[in-house]
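What follows is a set of notes on a single structure, which appears directly below.
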């Protein structure tokens, strides 16, 4: 089925196609009495907005969110919140040639195979524009988290572009907002600038790795077995367009560790247990330890490129595809606020689930 | 909440603790009229069974599955199938010392923080024994797949132990069943034998990477946005104990590719479109292309080790933890059949979802 | 939680308040390739529209539906369909006096107790305006049913107003569209006309019983135990505002029957088994028999009346409440198309569920 | 699909057939730290147990429940609780003749039409034995409610047998346990005794109406639109075997009331608002008012009767069916504890949902 909903209790259903009249998110299960207005959501959409610099698609969408329901006099009422974003700058003619052919590496062919038809304008539902709805919903989640988990912060940033990783020794939180790549490494930002310029000029594209860190996550949220915090995060990140891998803490590198290396040792601190390392990425047995929750995901290079690649037509003829139109040479850049939004939604959902089963806050206290 | 269920239509709820009287899986949504008996499920449990060689825990569980409902005269009836496995060899006294302390890197501490109490015997619900229930449910899924997608096969194998990867040029499907590590590389199997012996002798443990390949997956199954095939697989694999990373196709390495490299070019073959490569791991836009679906996941090293590590007691005192009892030096070995079971369950669930929305088989045909 | 979604596979989430900017329905899981446009949905909304005669509220809402997503060139694409209806004629000042007091028999007081705040304008989310969104979603369901179950028809009608029931001997399908009460009994329609005029003049209101009959329902849809067809219908109808009772077939009167009377005897007919009666309302063991599926539900009288009733203020003072504003003297009239919409949605959902588990059509054939 | 689960957060999945080796319930989402043992559940099963007097089937099942998981040292751990009841007294030969024919009014025919096969022994999954699993799960719900909503009580009783209703003026809570019909009217009990004896002697059966009252329900639980408290109760009761109608408060009789009659007037009392009547059955707009929640449901007469009724064979021949074997002449009697169990499960589920979204207790207080 379609299943365009995520979340168990804080349930977000996104809808809309790239070049339809509008897109949005239906947010159900939001607690009541939370201060919320369009501006609080708009700030996050503005971060994601295309056309802000030469490294993202030149499509110019204002991405203005309207709240159609669920908010009364600046407060959530506990009923569904409808967030709508009108599409404005649809230049569908740019995409005319893709109706009969399928871009290699793109969802064109599988949508056709699944449904027998598809909305080809701008990739339809498979477009990265769908992520605007996620960012809007994430704005609601953040507003609720401010109230339910005041110290919690969620921050995303790029740690790798193509084969070039950041140097962790240069990690500077303040750099993240100061460059077009949301990277904490100022030196990397400069190198990537040059690199990505060349990629774009070549009519090519490149992948990236995004990391999202949540600090101040209450110990005890999460669940064993299937609604594990890490399971939910893996699903949330893998559901973003073009993501092909997800890691928690040390991720794939955990395989190369021994048990002695991997054990995050614990010492008692003034406010409770303190971990000496964070290989686990803040999650043990699916449940938050209280440390930073750290997730990474790989975004593959944009499949819409100006370089010809072999493909087939709907009629079964071999052909070469060159995608015209405006595209991101590194779609990973715009995935940063999307990853943050997903993290915020998942954490809120898990906080609500925990509150349902156990009540507020963790149950077991260490050191009385 | 607890949420011990996975799947949308083929719904598996696992239950049971490591040292309770029994564990099992409640399987709802199974199609009727499928040939099924205990032996068909038992064969997969036997693959996973502990104590089969010196590389897995010496706990000796027969892991005999009983079918308590949903099958009549050798056929599924369409009603819930209850699969029960009695626990036999519980040596709970081995674990007595862990009630008051928390193993670093283990779910002991987070279960306590979440629930305020826990079943400490053998890790309770967080034990890898829970995966026996998954393997049993996977046996049901495989029986149904034989009928609904006859050409489909699901095969798991180990591709990395510690920092030692297989050599893909030596990949041999027939080797997988011929060594204790389920690896397709006979040379690696020998090296790992020596390596793991040393690890065990040291009272240490080590991680691993498992790959699962599904061949013959019908093009068109999957879904856009949140019930994507890759999303579901990521969730399924990340929900397995000790998994810290999941990759589809090229996975994290996709980030280092350019769009030109990443595009799996398509040429028309005698039976439809043929892909020239499989960077995508058989999934585009959340929907199966018909190529092999390839998933990899990293299993961290067992946290229960014989080497002392710093931790705290429930009373808040610093302490050193040494885990006694019988443990797997590389729990990744037993994760192979578990990964297969999860793949089988997810594919069946997606086939049922596709059938619900679109009917049998893919809708759009390429080349008339 | 809020849980404003119904359906398992054909999932409808309604959103919006009576006097907010808009309301609507997010429809997920719709099969692809179904002919659909706004006019096909509008016809059902027009049936429900208020202000059409003196027996319904004089609020004049055009209730024009816009399709914002999920349809391309007149066909459903399989992705979420967003249906939006702008609110136009909000005369909120009429409701000013109800912010501080609670109408007896109305959701005012419980919303306040639950959420601590509420949108008081026109009843906010608890208004019968929410049902416009259901009718719109029902229009989508009907379009799909035309394709998936061509002979299936869904028809609702009023069988009782106040204490006055129709005479079943005068039942005439063609009368239903010919009177303002959607009743199949022309004589009753005349009597009710006079009766309801008096009720309205008195500043009073009255309840009603609606019946919905579905013909051509495929035998075999439904499910045992919890997703029973009758369970789903009971939930669907009881979820409509002001409904206090739901009956399948003989309903509450079944209690007074003996087993001999209640047994719907079966005789073999030319096209399969034929039932000699329909006490069961077309459902046995939660599964459709192929007979007419018959559901009835009672709608209580509108709680917003012009007659003073004792209540309390938010501050805890006793008071008398008289509701001004425009209200339906018999809200049951407008519930007829809503009941039809819910029936259509439930039947489609069950057809999709059946198709998922068993495939198309019933499995077991009688008389082979 | 099968969908044998009910509840959103307190999720109960029942499994098992009448004459299979066992049946039971998988209970997920139970809060941790609740005192629970088998005896606490057994007391409710003992109330429902068949064979206790001549008015229920003479099948003798001890119905002993075993807790297989989720409880450690007398307390729930927050993980799934598996409740298993072994079937003991299966006399399947009694049912031999029903494999080839279909009992009129029974699920035999629809199961066959849906699935193409069925477990005919004792009705398989459609047997009333399934309700034993519900009663066991209800026992868990009651244990949790004792802790989460201490003043809450749930009591069921029979108010009508055949066409004979109780006299409400003789309503006496203490009578309920004192007669075989769980009726609060001692005079009715005597009359029914004679009546049912005659029915049984005739090889006939008769229907009944059960009422369940919950007192001490916290104001504010429930939800608008689809997870309404009344919606959930309607679904819960209609999901019980043989139920054909569900009413909340005045139920179907609401239709005959005017708005003036139906308004439950409110006056301020020492502890908050007090209602002067309870036409609404304790629920307004889907949310509990704090009054008694009152649900009624009609149970049709048992379809397995000793009187011949016309039916068809699987081969399509007309035939007469006489059911042998042991059956309840009034299956409604055993539905009393089942209705209570469903009420307990629904209320707990709604309390958890409310706690998730809003926190503990109602939000808005009347009278400061």
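Keep in mind that glycine also has a Cβ here, set from the backbone N, Cα and C atoms.
Over in TrEMBL, the protein carries these features:
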BINDING   B:48, B:54  NADP(+) binding site
BINDING   B:125, B:126, B:127, B:241, B:242, B:285, B:300, B:301, B:302, B:303, B:304, B:326  FMN binding site
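In the three-state DSSP scheme, residue B:54 (NADP(+) binding site) is classed as coil. Sparsest Cβ environment among the binding-site residues B:127, B:302, B:304 (other Cβ atoms counted within 10 Å): B:127. Local packing around the binding-site residues B:48, B:54, B:125 was summarised as the count of other Cβ atoms within 10 Å of each Cβ; on this measure the leading residue is B:125. Cα of residue B:48 (NADP(+) binding site) to Cα of residue B:242 (FMN binding site): a span of 16 Å.
Following the DSSP three-state reduction, the secondary structure of residue B:125 (FMN binding site) is helix. Listed in sequence order, B:128, B:299, B:300, B:302, B:303, B:331, B:332, B:335 are the same-chain residues six or more apart from residue B:242 (FMN binding site) with CB atoms under 8 A from its CB.
Less than 8 angstroms from a Cβ of chain D: among the binding-site residues B:127, B:242, B:300, B:302, B:304, that describes none of them. Contacting chain A by the Cβ rule (under 8 Å between Cβ atoms), the binding-site residues B:48, B:300, B:302 reduce to B:300, B:302. Here the CA atom of residue B:54 (NADP(+) binding site) lies 17 Å from the CA atom of residue B:304 (FMN binding site).
In the three-state DSSP assignment, the secondary structure recorded for residue B:48 (NADP(+) binding site) is helix. Taking the Cβ of residue B:300 (FMN binding site) as centre and 10 Å as the limit, one finds 30 other Cβ atoms among all the protein chains shown. Across the structure, residue B:127 (FMN binding site) and residue B:54 (NADP(+) binding site) place their CA atoms 19 angstrom apart.
Rounded to the nearest whole angstrom, the C-alpha distance between residue B:54 (NADP(+) binding site) and residue B:125 (FMN binding site) is 25.
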